[in-house]
Every structure is written in C-alpha cells, then in structure tokens.
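Per Swiss-Prot, the feature transmembrane segment maps to 3-23, 51-71, 77-97, 113-133, 143-163, 175-195, 199-219, 225-245, 250-270, 306-326; the stated evidence is sequence analysis.
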Amino acid sequence: MNLPTKIFFTSFIFGFILSPYFIKFLKKISKNGQPIRLCSPENHLITKRNTPTMGGVVILTSSLLPILFWVQSTPEILLLVSITLSFALIGFIDDYLKLKANSYRGLSAKTKILIQFIVALVGMSVFKLYFTEDFTKTFLFKGIMIDFSYLYAPFAAFIVVGSSNAVNLTDGLDGLAATQIIASFVSLGLVAYMTRADISVILFCITFIGATLSFLWFNTHPAKIFMGDIGSLSIGAALGLTSVLIKREVLFAVIGVIFVIETLSVVIQVLYFKYTRFKHGKGKRIFLMTPIHHHFEKKGWSENEIVIKFLIITIVCSVFTVAFLL
C-alpha cells in the first residue's frame, strides 16, 4: 500500500471509529448542544437543538495523527500543522464561551480576526526565512505571476484569515461545510500534484479528505454532530494556507467560490443595511437572511437541496480551474 493510500484510509477509519464515542462523550458533558440563533429558520430551532458541537476535534485528530506518523517534517508541513492547531485553539475558546453562556455569541468578531491575523502574519514571516525571493511571488492564472515583495506576508495572512472565517460562515447547514471542504481539498491536492508542489502538502490534503469524509457520515442531515468553530476555523485556515504554499491563492477563490459567495452575502447585507438605515432611518435587507444558504432555506429549499447544488457549483468551478486556468 503506497503512502497516500495508507494516509487516506488511516484518517478515514480512525475518524469513523472515533466519532460515535466522541458524540456520546459530548452529549454527557453538554446536554444543551450548540446554541441556535433565535432568528434562524424555524426548523433549525427544532431539528438542531441539543446537537453536540466541537466535532472538529475528530477531524483534526484523525488528520494530524497520520501526518505525525508518516509525513516528513518539512517547513511546509510544520507551518500547516502549527497554523491549523493555532486556529483550532481560537475556535475551541469560541466554542467554549458559547457553550458556557448557552449563547451563539462567543469571542467578538474583531477580537477573533485580530488574533487570527497576528497568528497568520507571524507564521508567514517566520516561514519566509526558509525561502528565497520566489516566496513573495504568486500565480494568477495560465502561468502569469505577480510579485508582492514585502506585502506578500500580509497578503498571505489575509488569505488564511479570510478562508478561515469564510468556512466558518458556510458551516450553517448539515453537511454543507464538510462537502465544500472535501471538494476544495481534492481540488487543491490535484493542483498541488499537477504543479509539482511539495509532497507533504499533497499528503496534508489527502489526510483531511479522509478525515472529513468520515465526519460527513455523521454530519449529513439530520446531523448527529456539528464541527463547531474549532473545526471550521482551523480547517478553513488550513485550506487558505494550502493555497498559499502552492502559490495558487487566486485560483482558490474560484475553487472555493461558495466560500466567497457566503462571505460576500454577509458583507453586502451588513453594508446595505447600515447604508439604508443612515439614509432613510430604517435599515433594509437584500437577502431574507445571511449567510446566503439561509436565504435559500427561507425560499423553501431543503437543506439537502442546498448542499448538493452548492457542491455541484464547486465541482464545476474546480474542473474549470484545472482545465482552463492552471
């Protein structure tokens, strides 16, 4: 059995075995489960109540153990693991505060983003010490390259933080974030292979594919467990950093188009509401609810319908990226 196959099945099987025990453990220590926003679609208040969160612990454990055993400790893999675990810690604190207060509010958005950016910027600055001037260059598409020079570290940190929070926003329906994560890691792993990136980055993608697939088994509608911020923030950061390490940050925006759309829907909604409130005295909304997957729920789409259609969009965009933009 070759190394990629061994890593995939190890992460998948370990996650599949660990998940049921972890779900039972979470139900014992937290009977209320993940707090649900009162403004959420009505069915969420019924179907998602008392569902345990922090399932990201299973994904991270199942992913990182094979890396620890079989993947060489290159600068790339050390940075990936360090950033992923750092963002997992931020997510854990956020989840813990929510569960403790039995509220959907944890760390404030400003505090969370500030800590994330500092962590990512420090990580990228230290990593730069291992590389030549090519580190500051990135590909746009079709071999076109741009050099960010001294601005590259902040740019890379922005990608990591943006990806982290975009995945967090997407994690609002059963199976939605997990399917998008799997599709994105498959695409980034394929791009990494085709561009002859460091093998450790490819193996990193493979182990997260296996672990997230096993989690998805228990996260499909009706979900038995949610990944929580400890999962979405850390895995989102891992996705963004993977695109940075293979120098395909711009292409990641196409591959992860759903993450981009989810984030933009929130930004547009907030800005439009503030603008109309300032101009007319009363705020107006463009969407029924954001992130945009909730808008489609309010329109009458089922959770599974949204998850599958969003996945189709991601697959089409990924194929387009590999076929025409790489």
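Please read every residue number as a count from 1 along the shown chain.
Every residue, even glycine, has its Cβ placed from backbone N, Cα and C.
These figures come from a predicted structure and were not determined experimentally.
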Inset, instruction - Would you kindly check 3-23, 113-133, 250-270, 306-326 and say which stretch has the most C-beta pairs under 8 angstroms to the transmembrane segment (199-219)? - result: 3-23
Legend entry - Selected stretch (most C-beta pairs under 8 A with the transmembrane segment (225-245)) from 51-71, 77-97, 143-163, 175-195, 306-326: 77-97
Inset, instruction - Mind checking which residues of the chain, 6+ beyond the ends of the transmembrane segment (113-133), have their Cβ under 8 Å from one of its Cβ atoms? - result: 75, 79, 82-83, 86-87, 90, 147, 152-154, 156-158, 160-161, 164-165, 233, 237, 241, 244
Inset, instruction - State the non-local partners of the transmembrane segment (3-23) in its own chain: residues 6+ outside its ends, Cβ under 8 Å from one of its Cβ atoms. - result: 52, 55, 57-59, 61-63, 65-67, 69-71, 202-203, 206-211, 213-215, 217-218, 224-225
